Amino acid sequence: MESSLTFLLLPVGFPGEVLVTLARRAREAMPVPSLWLASTDPLEPPIEAYSWERMQFDAEKVNEHIHSVLYDYVREGIRIIGVVDADGYIPGFNFVFGLASTALGVATVYTRRLKTGGNGLYTERLLKEVLHEAGHLLGLDHCSNRECVMSFSRSVEEVDRKAPLFCSSCKAKLVLKYGSRGQ
């Protein structure tokens, strides 16, 4: 079992004060022992990752950029989740809410499509997508349980439908690999 899981929430393209509360809520929702840190110092997204045709960022390129800038953190085992104040895509998809690059130890969540509705709804959606990408960084695949945070979301309505929690099956996989918070 891995002894310490550390996540750093990184604002990309906006001031990150909202991430402090998000880090606390993510730690509370994570079924395994983990430390969640939040940077309030934003990283600018790489302009070379921006598609002017699509008006979106290439999520793979953004992940690679974060990895190169914060390599020393990743080398120490810290998993980075960039929260990008923009829209993102990967080839073959019109958009993505997030992308985990497990080999890099980096994931990103894209906020543009999560911002419809009130601020409370946005914060809840953001929490769900951060937990979803954290699950991928910890080795979880998509889950067929539509209420599980690891369920794949094709629309913001599907994000709203799932809970900000791991289902019993996904939770068991994490606890088996990383131990439970009660240990």
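Every residue, even glycine, has its Cβ placed from backbone N, Cα and C.
Same-chain residues at least 6 positions away in sequence with a Cβ under 8 Å from that of Glu133 (active site, proton acceptor) are, in sequence order, Ile81, Gly98, Leu99, Ala100, Ala107, Thr108, Val109. The active site, proton acceptor feature in Swiss-Prot is assigned to Glu133; the stated evidence is sequence analysis.
If you look up Swiss-Prot, you'll see His132, His136, His142 marked as Zn(2+) 1 binding site. Taken residue by residue with DSSP, His136 (Zn(2+) 1 binding site) is part of a helix.
Of all Cβ atoms in the protein chains displayed, 22 besides its own lie within 10 Å of the Cβ of Cys170 (Zn(2+) 2 binding site). The feature Zn(2+) 2 binding site is assigned by Swiss-Prot to Cys143, Cys148, Cys167, Cys170, with sequence analysis given as support.
Within 8 Å of the Cβ centroid of the Zn(2+) 1 site, not counting the listed residues His132, His136, His142, the chain contributes Gly98, Ala100, Glu133, Gly135, Leu140, Asp141, Cys143, Val149, Met150, Phe152. The number of other Cβ atoms within 10 Å of the Cβ belonging to His136 (Zn(2+) 1 binding site), over all protein chains shown, comes to 17. Of the recorded residues, Cys167 (Zn(2+) 2 binding site) and His132 (Zn(2+) 1 binding site) place their C-alpha atoms 12 Å from one another.
The Zn(2+) 2 site, placed at the center of the C-beta atoms of Cys143, Cys148, Cys167, Cys170, has further neighbours from the same chain whose C-beta lies within 8 angstroms: Leu140, Asn145, Glu147, Val149, Met150, Ser151, Phe166, Ser168, Ser169, Lys171. Comparing His132 (Zn(2+) 1 binding site) with Cys143 (Zn(2+) 2 binding site), their Cα atoms are 10 Å apart once rounded. In this structure, the CA atom of Cys143 (Zn(2+) 2 binding site) is 11 Å away from the CA atom of His136 (Zn(2+) 1 binding site).
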